[in-house]
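> Structure below; questions to follow.
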Amino acid sequence: MAQLVGPLRKELADSLSSCRVLVVGAGGIGCELLKNLVLTGFKNIEVIDLDTIDVSNLNRQFLFQKKHVGKSKAQVAKESVLRFCPSANITAYHDSIMNPDYNVEFFRNFQLVMNALDNRAARNHVNRMCLAADIPLIESGTAGYLGQVTVIKKGQTECYECQPKPTQKTFPGCTIRNTPSEPIHCIVWAKYLFKENPHQLFGEEDADQEVSPDTADPEVAWNPADAAARATASNKDGDIKRVSTKEWARSTGYDPVKLFNKLFKDDIMYLLTMDKLWKKRKAPLPLDWTEIHQLGEEAFGSGLKDQQVLGVQGYAQLFHRSVKTLRSQLIEKGEGAELVWDKDDPPAMDFVTAAANLRMNVFSMNMKSRFDVKSMAGNIIPAIATTNAVIAGLIVLEALKTLNSDFDQCRTIFLNKQPNPRKKLLVPCALDPPNPNCFVCASKPEVTVKLNVHKTIVQALQDKILKEKLGMVAPDVQIEDGKGTILISSEEGETEANNNKFLSDFGIRNGSRLQADDFLQDYTLLVNLIHSEELEKDVEFEVVGDAPDKAPAPNVPEEGKNIANGNKDSAQPSTSSKAAEDDDVLIVDSDEEPSSSTMETSPESSNRKRKHHDADTDDAASKRKRLDQQPADDDEDIIALD
């Protein structure tokens, strides 16, 4: 392989051979990046990735071969790179970067961190760890032909979270359960059916994602108590009673025929009793297993198997086979076992493909190939090897500037699909200064959350607000009530009794403030709560406040003082969490050098900045009191970058 760049200055070449760098991710970008680093002269590289190699990776992740399928990406990437650069010193970790072992002290071992990730949660986490450790971070991402590279340096640039990212697209529950109108609605329904709710079949229960007909749909406008009298569905095979599908399915021994008739005949006939739903839209058409199989054998189409669109009988047969396979897997795992949905697991993907297509047929939609269903179910934008290669090259160029102390030359660089008016595909933009209203890198980070304190439980505050929305991994939460009362502890079991209690049970009301600490991220956030009983339907909370379109540049901090979370004496970490899949790419159309935050983007990712109420936090140490010593007061289209 040819050397990527010409001869480097001796000082820089020596710096590359001696400095330690961390690469987070060994997938599409990561493989290209590791190759580029060793060919440029980097000698001490550590790489971490929690994934194993799948056949679908082989078209672009060139460090892997078919014989490597099922093995650790990080470990195989290391072995492959050492074959053409034996002098490199590479350490591989088959693990999640969110594991508490990789704390602030771990990050301080490196001169530079480079992200090659495919999900926002991990990006948020690495961003916070680099801020806490005061280590430069080079962030990157691709989506199809689009790509982006930027440099993040504490106190000098925007951090990854300074600008709000596009919100994950979601669909109303009643649309998913009662009136799907697009294939994606049926695919989401099929995924929920597999894994994520008390009416699911094989996975972990989550009461927020149901698939059975929704009798509370505002369009229905009749008393759900009348349902039994109105329903004409069978009481035999599918049993229309509103019980847990998982519980019922177990009682049938996961009989594929009974499951089929319940999901695609009985539940649909139940929906038909909600006659007001069908006055302005086409009514669904129930399917019956026996009738379908009286049609005889069905011939499959031509072409690649994954790109064939089968008929109703073909998908009914696929449903039957996949249920039997998944049932066998459950039996092998033992009593109480659960399966985890994975788009790269053939039986799970077969089940979702079949169930989604059968539902599409019921609701008179054109059915989709397995390839198309997998793309939508896995939130996939097809990855392109050349895009990954270009972005990996740009990462190294920005790394050389950073290590050479040419920070004023660093840029955010966008890779576009089409040349701009000046015939440029690569568009550099000046780096923006930190957003003083950022709830991550501001000198005193705080955020305002609107919710109903009488309806929000502690578990929802922890999981949905602090972890999912605000990106914390293992938060400890103290109520600023003058007592130092602990609401949430990251130590297992310490505050578990609080999980299902409402916030109001602890005296939390409009204007209450919470201090949330994440010791793993060395991050402290002040959370201001606004009580509201006027949130929209299905909205549990809102992060509120708008900042100016262009925030003023922050004051230069005094020498030696931190301006963001992170200090020399970092605390020990606690627990870790998995990452969720989603991300963003900004598209620009100029080769000038305006700041990246002034570039034109999609409406969802426009330059809205959160505004938080200014409030001083009490830095004085106070002894925390356990809640058990306190009486309670009476008073979803996601883009995954490769």
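Glycine residues also receive a Cβ, built from the backbone N, Cα and C atoms like all the rest.
Feature list, courtesy of TrEMBL:
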type     : residues : note
DOMAIN   : 8-419    : domain 'THIF-type NAD/FAD binding fold'
CROSSLNK : K165     : SUMO1 cross-link
ACT_SITE : C174     : active site, glycyl thioester intermediate
CROSSLNK : K191     : SUMO cross-link
CROSSLNK : K241     : SUMO1 cross-link
CROSSLNK : K262     : SUMO cross-link
CROSSLNK : K417     : SUMO1 cross-link
DOMAIN   : 449-536  : domain 'Ubiquitin/SUMO-activating enzyme ubiquitin-like'
CROSSLNK : K623     : SUMO cross-link
> In the structure shown, which of the recorded sites K165, K191, K262 has the fewest Cβ neighbours within 10 Å?
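Least crowded of the recorded sites K165, K191, K262, by Cβ count within 10 Å, is K165.
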> Taking Cα atoms as reference points, rank the recorded sites K165, K191, K262, K417 by distance from the residue listed as 'active site, glycyl thioester intermediate' and give the first.
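Minimum Cα distance from the residue listed as 'active site, glycyl thioester intermediate' across K165, K191, K262, K417 lands on K191.
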> Count the residues of the domain 'Ubiquitin/SUMO-activating enzyme ubiquitin-like' (449-536) that DSSP assigns to helix (H, G, I), to strand (E, B) and to coil, and report the three numbers in that order.
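Each residue of the domain 'Ubiquitin/SUMO-activating enzyme ubiquitin-like' (449-536) counted once, the result is 19 helix, 29 strand, 40 coil.
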> On the 0 to 100 scale, where does the mean pLDDT of the domain 'Ubiquitin/SUMO-activating enzyme ubiquitin-like' (449-536) fall?
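Residues in the domain 'Ubiquitin/SUMO-activating enzyme ubiquitin-like' (449-536) carry a mean pLDDT of 93 in this prediction.
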> Out of K165, K262, K417, the recorded sites in the record, which is closest to K191 (SUMO cross-link) when you go by Cα distance?
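Nearest listed residue in space: K262.
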> Take the Cβ of the residue listed as 'active site, glycyl thioester intermediate' and count every other Cβ within 10 Å, whichever protein chain it belongs to.
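That number is 19.
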> Can you tell me how many other Cβ atoms are located within 10 Å of the Cβ belonging to K417 (SUMO1 cross-link)?
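So the Cβ neighbour count for K417 (SUMO1 cross-link) comes to 12.
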> Could you state the CA-to-CA distance between K262 (SUMO cross-link) and K165 (SUMO1 cross-link) to the nearest Å?
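Distance (Cα to Cα, whole Å): 40 Å.
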